[in-house]
């Protein structure tokens, strides 16, 4: 027997009429509450959720509330047994839940992502080492475009439970250089030059102020840390450009970027002598060391070579 037949079979008594009227009133109240909930959610989430996702949330909230009121209040009020429906719905829900556990998880995670908004379309993010730009946030998945132009679909449950790094959530961002100069160069002069470069950079922020200081004394260099804050819109271009400007300006002022060097000390004094062009022709080592074009006025010293006579011995 369906709901219509059940209602039509009810005896027409004042009590029955009151129940029907009461059910109608409860339904009207439920609709009004649904409208109020829709207005409240719309005002609360309009700045946090895009229009497409907001419409879905409003519809789910509105019809979900009305359905709950019908099952819990209206059906018992009209004398229709709702316990069987609840039991059947519960069993069906368990079966569907086991069969679509991941789908439900992605759906719920997508809802919280839409409401919480840790990321939004266009953001540059890192989700579980997947780096790229957010292209879309759906109910079940999030689409990102990598730096290589590849599109990746990540389930919302993974997005919601993973550590998310949003590179553009703040309006400013800091970058850092490590500039290693030679020990023979003046570190204070290098710091002064770098500060002048930063002061002349229009996009380098004054607040927070930049930092330039000697950080460590390395094996081959005096390491200067350079920390600069920039607007997020100019961060990447400025970071890639300014490092080369610092290098060229330091070299122009006689300060060179250090590179690994090694000094070798010998236990004993080495014998040295100048080698003539004729002797060079006789020494395979020297012949490989000096090209033919450089042998005419050879003045370089060959270290550790034994004394030898010009010419060869005939056996």
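Here the Cβ of each residue, glycine as well, is placed from N, Cα and C on the backbone.
Looking at 92-115, 116-139, the range annotated in TrEMBL as transmembrane segment turns out to be 92-115.
TrEMBL assigns the feature transmembrane segment to one of the listed ranges (43-61, 62-80), namely 62-80. Here the domain 'Mechanosensitive ion channel MscS' (103-168) has, by DSSP, the following mix of helix, strand and coil residues: 20 helix, 26 strand, 20 coil.
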